[in-house]
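Per Swiss-Prot, these features apply:
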- Asn8, Glu382: Mg(2+) binding site (BINDING)
- Lys15, His210, Leu211, Gly212, Asn213, Gly214, Asp284, Met285, Arg286, Gly329, Ile330, Gly331, Glu332, Asn333: ATP binding site (BINDING)
- Arg94: substrate binding site (BINDING)
- Asp151: active site, proton donor/acceptor (ACT_SITE)
- His182: site 'Transition state stabilizer' (SITE)
- Arg243: site 'Transition state stabilizer' (SITE)
Amino acid sequence: MPKVLVMNAGSSSHKLSLFSDKIENAGSALWKAHIEWGKKNPSYTLKNGSQESNPIYLQTTSVKQGIQEVIEKLWIGDFAVIKEVHEIEWIGHRVVHGGSLFHQPVLINASVKKDISNLSSLAPLHNPINLEGIELLEKIFPSIPHFAVFDTAFHRTMREEIKTYPIPYEWKEKGIERYGFHGISHSYCAKQIKKWIKPQETPFKLINCHLGNGASLCAIRDGFSIDTTMGFTPMEGLMMGTRSGSIDPGILIYCLRNKNLSLEELDHLLNFESGLKGIGGTSDMREIHAFKNKQSQLALDMYIYRLKTGIGAMTASLGGIDALCFTGGIGENDSYLRKKTCEELAYLGIQLDLQKNQGGNQDKEISLHDSPVKVFVIHTQEEWMIAKSCLEYLT
């Protein structure tokens, strides 16, 4: 049976998943690997059906050698699920920024890789790593077609007045406009929640909260992106792990003029030293909760404040709200943050079931039975969505 391999390359981890071409549901991966690079000793875990390994330490810190070692576990060892490499017919890659060039999956060639590279200045934390992952797997699987699936593509349905900045129009003509990100995750959650909702006559209005180290909201009407908090780059919008989110642009001009900061220093500070880390001393929300000091509490309060006001803005874009969804590492696991956010949005008709909110991490509804607005927690499955997008494009 033909199979599709998916790579989701991140700054501190690589996720690999293998699916058959008969993808039925998000839990249908035949094989999964998760490589963690952000520790002193890089490690990975493997999953094959219900069988899951303990962390296995890599014998190298080289990304290239580490991925090669893990990929070979597809056909070697206790977690092997294929006998020969040629059982894999397609490979899908997540790419964060597709700009105005890519609105659907695309077969990767030299020209596409050049375009992805040229867009790296707009997503410096992501596109270079995505491109590195593509080139690594191309060397391992040189005769297999590789496809790119873009996080920006889901937001192509935003209207002109939403994606256009109030700056000189000539800038827009040169491609400076709002693109939005986390589209693969937002699209996945919208599809999953559709299964929970009874058909209704009026358009279904969902706000999806993807809260991880990067964070964004998406206003979704009947499965289509209407508005989102990220923009030209993944720096706009909510407060994030190490990124500032939206700030007064006058601050940047002031710092360049009066603080003797170079463009490179300013870029680094806003991308790597701001957000939760800049205020609370760490980008890890679990540590923010654990520190219990003035700065960590301020960071948490700021995060929730910007989250709730962002949800309010997305509600205005939709003209109402039928459902709210939390996903991503923070969204799925931080019950306190969900509770505080929903309490402060009670005026919208959000009524949280506190007991359901505390439960495990499976997909679930966590609102009261009679809550006017339904609230969900969904474990995002970007790799499945990438595989499905590739197969739909091919057929």
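Any Cβ shown, glycine's included, is placed from N, Cα and C.
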Task: Separation of alpha carbons, Asn8 (Mg(2+) binding site) and His182 (site 'Transition state stabilizer') (Å) - done: 12
TODO: Provide the number of Cβ atoms within 10 Å of the Cβ of Asp151 (active site, proton donor/acceptor), excluding the reference atom itself.
DONE: 28
Task: Neighbour tally for Lys15 (ATP binding site), based on other Cβ positions within 10 Å of its Cβ - done: 16
- [ ] Pick out which of the binding-site residues Arg94, Arg286 has the most other Cβ atoms within 10 Å of its own Cβ.
- [x] Arg94
Task: Asn213 (ATP binding site) - helix vs strand vs coil (DSSP) - done: coil
Task: Annotated ATP contacts Lys15, His210, Leu211, Gly212, Asn213, Gly214, Asp284, Met285, Arg286, Gly329, Ile330, Gly331, Glu332, Asn333, maximal Cα-Cα distance (Å, integer) - done: 22
TODO: Among all chains shown, work out which of the binding-site residues Asp284, Glu332, Glu382 has the most CB atoms within 10 A of its CB.
DONE: Glu382
Task: Candidates Arg94, Arg243, Arg286 (recorded positions) with Cα within 10 Å of the residue listed as 'active site, proton donor/acceptor' - done: Arg94
